[in-house]
């Protein structure tokens, strides 16, 4: 493989498409990024134009190679990672979408979800798909398109229409309509896939009236799915060899491939995933059961918990409260006081996610006394991110029976040393921050590289996974438990605040 010097990861996110080129040592040699339009037709509705997703993603690929003066014949393989759950339906003949992509954040299918609950499907969905009944997942979005685009369900039955998550759509376009596939991680987010039988679930397809003919073939996350020509006909054919949903790609990029290993991504919200190996653990604590990647990209399972407000609560301090002018300043102000002076901030601006799942919770600040100043509130807001992470982790440990030895972290907020140290303090666990922060792209690159022999195995990659800094707990157990019990008390008082009839 000597002439093939690079792997490309395509990272198709919610607000932008990126291409990341890596060399054999997993160093990033070139990055290109393009933002694209968010479409909000009605309150709570979110769409993307699938053609714009494709145009932005394909142009970043060309640009990233051009920037570093790399020829396409030097590329060993392409890996794809993507925003999960987002739905595209298109015509098999023309490759044209019949409707905009319905994005994971879109809430338009709430009524369909209520109907599934009324039909008594909730327990079955949790057991078969590992998910909760929520508009977040793909299945109800596909039903909505088939219900609202005239004649589409009949066309789908005749095999004229195809469905895919974003990975499937990109591969269809990259292979000129020759390949219609997805991987196990993306399939596990559709609410149409049986995560135990590893096949599309007929009961779910019947419940949502979705024809099987429109569904992609489901494959492993690390294998050659097809080839793409960069530079049109006569160009070099490059294998597309890795696919994983963004959070599963980050888990793999952090090399959390053994049972009990976990990562937390601190972005707008937090996404925590714990690998549970070959057993699918059904959560009794409000977590999702999902498919992750084992050491060779094979099927492993994971528990997943989402916190809605992480980086977003720091933005609130900046934009609405005007307590800081830059998110980076939060660390400086938080360290100007020795503690929060008894203050707790519960950032339940849009309700609370795992493990509470209370859409009626609202944000609150508790424990105010005359001596409290803005620095205490800034510090308490940062601390709330760590407390919410502990909430999810406690649920994971209770569900899995696995004690976590270290938490690997990534995402924008991990640059905040105060937050990372407090996270370690409040968990009583080591927190490991990697040298390379692009772990999502790294995961897609690793999956593709392993499939084509660019890297032989994970041992080779283990050496490249350098931990830039390790944070260790610096407070006593009694102090840790005392602070956490204060948080639990604060959360309890923020729950069920909003009047239901308003909702």
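The count begins at 1 with the first shown residue.
The backbone N, Cα and C atoms fix where each Cβ goes, and this holds for glycine too.
Of the listed candidates (60, 265, 268, 369), Swiss-Prot assigns 268 to the same ATP site as 14, 15, 16, 311, 315, 412. From the candidate list 40, 136, 301, the residue Swiss-Prot records in the glycerol site shared with 84, 85, 246, 247 is 136. Cα to Cα, residue 14 (ADP binding site) and residue 84 (sn-glycerol 3-phosphate binding site) are separated by 9 Å.
Candidate binding-site residues: 15, 16, 247. Nearest to residue 85 (sn-glycerol 3-phosphate binding site) by Cα distance: 247. Under a cutoff of 8 A between CB atoms, and with a sequence separation of 6+ in the same chain, the neighbours of residue 268 (ADP binding site) are 310, 311, 312. The C-beta environment of residue 247 (glycerol binding site), restricted to residues of the same chain at least 6 apart in sequence and closer than 8 Å, consists of 84, 265, 271, 273, 304. All chains included, 23 other C-beta atoms sit within 10 angstroms of the C-beta of residue 18 (ADP binding site). What surrounds the glycerol site, by Cβ distance within 8 Å of the Cβ centroid and not counting 84, 85, 136, 246, 247, is the set 83, 104, 189, 245 from the same chain. If you take the C-beta of residue 416 (ADP binding site) and look for same-chain residues 6 or more apart in sequence within under 8 angstroms, you find 328, 330, 331, 382.
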